[in-house]
Amino acid sequence: MMNDYKNTLNLPKTKFPMKANLLISELKILECWKKNNLYSIIRENKKGKKTFFLHDGPPYANGDIHIGHAVNKILKDIIIKFKSLFGFDAPYMPGWDCHGLPIELQVEKKINQNINKINHKIFREKCRNYALDQVNKQKKEFIRLGVIGDWNNPYLTMDFHTEANILRTFKNLIKKKYLYRGIKPINWCIDCKSSLSDSEIDYNIKESNSIDVSFSACDNNKILKIFNSEKKFDKIKAIIWTTTPWTIIANRAISVNPNFIYLLVKCNKEIFIIAESLLDKTLARLNIKKSKILGSVYGKKLKFLYFKHPLNKIHVPMILNEYVDFKSGSGIVHVAPNYGEEDYIIGKKYKLNMYDPIDSNGNYLPGTFPGLDGLNIFKSEEVVLNLLKNNHSLYSKKIINHSYPHCWRHKSPTFFRATNQWFFNIDNNNLRNKTISEIKKILWIPKWGMNQIIDLLSNRPDWCISRQRVWGVPIAVFINKKNKEIHPNTVELIEKVSKKIEKKGVQAWWDINKSEILDKDSDKYKKVLDTLDVWFDSGSTYYSILIKKWNSLNKNKVDLYLEGSDQYRGWFMSSIILSIAITGGIPCKKILAHGFVVDSNGKKMSKSIGNVISPKDIINEFGADILRLWVASSDYKSDISISKEILLRTVDIYRRIRNTSRFLLSNLNDFNPEFNSINLENMLSIDQWAIIKTNNRQKKIKNAYEEYNFHKVVSNIVDFCSLDMGSFYLDIIKDRQYTNYIDSLARRSCQTAILYIIECLVRWIMPILSFTSHEIWKYIPGKREKYVFLSEWVKEIPCENINSYISKSLWKILIKIKNEINKIIEIKKLEDKIKSSLELKITLYAESFIFEELILLKKELNFAFLVSYVSIKKYENSKENAFKSKSIKNLKILAEKFDGKKCLRCWNYTNDIVNDVKYNKICNRCINNINGVEEKRKYF
């Protein structure tokens with residue numbers, strides 16, 4: 001007599017592990033990819049297909065990658081991989097930005113030596129070696145993320161040929177007359193000891209001294225006459241307001257708005273000139289309660305009145321400037337031509353003395369003023385205030401917090417300083433307007449990105465592209481010693497230098513003897529020693545690398561740029577401007593910007609706050625696939641939240657996907673697609689339903705991928721695993737899979753559907769869960785490519801004309817009924833009335849339209865609802881204790897314990913349990929299945 005029926009069941013079996021062990025398995029998979037040169041295999045497989053090219057905005061080669069780097073690279077990798085699924089040849093060439101100050105600072109720190117105390121040739125070589133070390137370190141970290149790319153052939157802005165092509169980009173701008181050299185106030189960083197471009201400035205809150213300072217009139221009588229004052233007064237003073245006391249020493253004029261009304265005001269024994277609209281605010285700051293107006297005139301009447309400088313007693317003119325506004329101050333602005341953009345412009349207009357008493361370290365030069373010489377401008381404000389106070393010129397002082405420009409690298413305040421620099425004239429050849437027009441041809445994701453960059457471009461000044469650095473691409477130009485003009489053959493000369501740099505790198509410029517290039521003219525010229533802004537390096541990569549290296553891009557634009565939202569004024573801006581200036585068109589078809597990573601409270605990652613989470617820590621605790629899934633699950637178009645709790649929720653999502661995959665694989669252990677597959681029209685209704693559901697999900701997932709909405713991809717996959725599969729289909733098929741005759745049509749029908757589902761699911765997750773999809777791929781039966789990354793979307797099984805026994809509307813009703821039965825089952829379990837749902841029989845009381853449809857399915861409904869018996873009765877015959885459905889009108893459900901006995905094999909309760917010599921306590925259905933008598937099913 002048989003009592004143990006385990007060996008008669010088709011129990012699930014797979015070597016695909018339940019526990020992921022990502023930390024171990026991912027490293028093995030990475031080794032496999034490396035050993036077999038997976039990237040080359042993919043390229044060979046996709047050769048000849050339509051190309052998709054994502055241009056990698058180069059990260060800076062300095063330090064470990066942070067969570068923002070991880071987000072960026074993972075998003076790019078997801079895109080490359082999903083494009084491959086769509087049949088594109090999508091190469092990925094990673095890049096690095098390798099020049100500039102941060103590397104110089106790290107090298108100085110490493111060798112414990114100041115840059116000016118070491119041979120610059122040796123220093124550049126050390127910078128190059130340091131940058132290469134950083135590239136190799138970051139490369140390993142990016143590869144650990146599961147990012148597949150041409151890691152053996154990345155582009156580096158310090159590659160000799162790239163350095164030469166960056167210089168050629170500069171040459172082309174000179175050729176097209178976009179560049180000029182001039183003295184102009186630009187943001188200067190004391191720590192960098194260099195000029196900064198607009199994109200290198202952050203505006204942060206700074207504490208400053210807000211002061212009112214007086215300038216005494218040189219000719220009181222002349223002023224009284226202008227204001228038509230009959231009384232005679234001396235001590236007439238113009239009041240100016242400023243938040244930069246350190247600039248007072250460089251003052252060379254005071255300005256008024258020609259269209260404002262200015263008042264002559266008597267305050268005690270003193271007479272002040274103040275703008276009418278700002279009188280009350282100014283007197284309040286000066287703590288003056290009583291005043292008398294002696295006269296009023298428009299500002300234009302005050303032109304070329306002279307006033308005494310409050311410190312050095314030189315005479316400075318009052319000039320006219322329409323930029324003086326009503327927003328703050330006294331309506332009179334002090335002008336230090338070398339230390340402000342507007343000051344410089346108005347200073348040039350009135351031919352003011354461009355006095356520059358401050359050096360590159362932000363210190364006052366010797367001979368500036370007694371007590372100030374050698375002091376730092378930001379640290380000596382109290383000295384300036386005391387000097388003004390001693391001269392009876394300081395009338396108010398208050399500490400204010402206001403927005404002020406800071407160096408994006410050092411987080412230190414900058415100051416405007418007029419120096420000789422190289423500028424990109426973005427208004428030449430109508431470039432600004434043309435760029436705004438061209439920007440509208442790019443598809444921006446999110447859409448508001450277009451307006452953001454147009455606003456930035458509309459208001460930006462000319463681009464200062466020169467830097468006073470050692471490690472960078474040189475501005476390889478010769479300047480005439482006398483007239484300061486560039487050599488007339490500059491374009492040809494730069495090409496000569498570029499060819500030398502192509503062989504020896506940027507050091508070639510500093511090694512070149514002038515006579516090598518200039519012949520007999522060499523004595524008349526001097527080399528420019530400035531380097532190019534690193535944003536010029538990276539911004540020119542469309543031309544310097546892609547067009548030069550990828551000939552196919554000569555006619556075709558890059559498909560996509562993808563970077564953080566800070567790159568609207570950075571890489572996006574520089575790339576677009578340079579591309580339009582040189583090629584006449586935009587560099588790419590689409591630009592996608594992602595947000596910053598913040599903690600669960602919305603705060604940015606900061607070491608000082610202590611909320612930094614590094615990619616390395618996440619990978620070491622959870623694995624790279626969890627990090628990738630977190631990125632994909634986030635709506636990255638705004639700021640992205642991360643915390644331990646969020647990552648644990650991501651682990652739950654991963655577990656759901658993995659468990660679903662494992663269940664599917666475990667039910668395919670005896671399935672050979674070539675011999676066991678069933679045609680769609682012969683499949684059971686629920687298997688047809690599963691395929692239709694899979695098709696519908698695939699359409700949604702493909703659309704979400706194409707729209708770059710990866711969080712919607714994840715939510716669709718989770719809903720599919722949890723709702724379509726987990727809470728409905730997979731539970732229902734267990735009885736059929738485990739208890740039916742192994743080669744029955746009903747069982748093979750299910751396996752055919754399962755194979756289709758896992759074939760689709762593994763591709764859905766491949767761009768996101770690259771390691772897990774690689775692992776799953778090995779266990780799917782049937783002939784296939786060696787790697788999931790070589791595959792494309794599963795061709796959907798057409799289901800439009802399927803002859804299904806169950807209509808769409810009936811499926812919706814069945815799912816609603818099942819959900820309500822599940823709730824009843826849970827209640828009965830909580831009340832300890834049952835241990836298993838199979839102990840129940842269900843009676844459905846339905847109105848005629850539902851009754852007629854359900855009655856056809858009656859014999860198999862118990863399999864759908866996971867109970868032992870289901871009966872269908874008319875609604876009017878319902879019992880009082882029947883549960884009234886909340887989701888279906890005129891339907892009641894009665895759940896009762898079934899009187900039958902439990903089958904030891906299928907665990908269903910039935911009245912046909914057999915007890916004989918051969919079989920003990922099992923049902924006739926199971927006996928038939930054991931003996932190969934095929935169980936007939938249509939629906940479930």
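Note: Cβ is positioned from N, Cα and C throughout, glycine not excepted.
Annotated features, as they stand in Swiss-Prot:
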MOTIF     59-69  motif ''HIGH' region'
BINDING   E563  L-isoleucyl-5'-AMP binding site
MOTIF     604-608  motif ''KMSKS' region'
BINDING   K607  ATP binding site
BINDING   C903, C906, C923, C926  Zn(2+) binding site
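Structural mapping of features recorded in Swiss-Prot.
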| residue | record | contacts (Cβ under 8 Å, 6+ apart) |
| --- | --- | --- |
| E563 | L-isoleucyl-5'-AMP binding site | G57, N72, G570, W571, F572, A593, H594 |
| K607 | ATP binding site | none |
| C903 | Zn(2+) binding site | Y909, T910, I913, K921, I922, C923, R925, C926 |
| C906 | Zn(2+) binding site | D735, Y738, T739, I922, C923, R925, C926 |
Completion exercise
C926 (Zn(2+) binding site) has its Cβ surrounded, within 10 angstroms, by a count of other Cβ atoms equal to 25
Exercise for the section: Report the residues of the chain - excluding C903, C906, C923, C926 - with C-beta within 8 Å of the mean position of the site's C-beta atoms, for the recorded Zn(2+) site, in sequence order. Expected result: T739, L904, R905, W907, N908, T910, I913, I922, N924, R925, I927
Practice task
Reduce the DSSP letter at E563 (L-isoleucyl-5'-AMP binding site) to three states and note it down.
Solution key: strand
Completion exercise
Simplified to three states, DSSP reports C923 (Zn(2+) binding site) as strand
Exercise for the section: Quick one: average pLDDT across the motif ''KMSKS' region' (604-608), no decimals. Expected result: 79
Exercise for the section: Mind giving me a neighbour count for C923 (Zn(2+) binding site)? Other Cβ atoms within 10 Å of its Cβ, every protein chain shown. Expected result: 25
Problem - Number of helical, extended and coil residues in the motif ''HIGH' region' (59-69), per DSSP - result: 3 helix, 1 strand, 7 coil
Completion exercise
the motif ''KMSKS' region' (604-608) resolves under DSSP into 0 helix, 1 strand, 4 coil
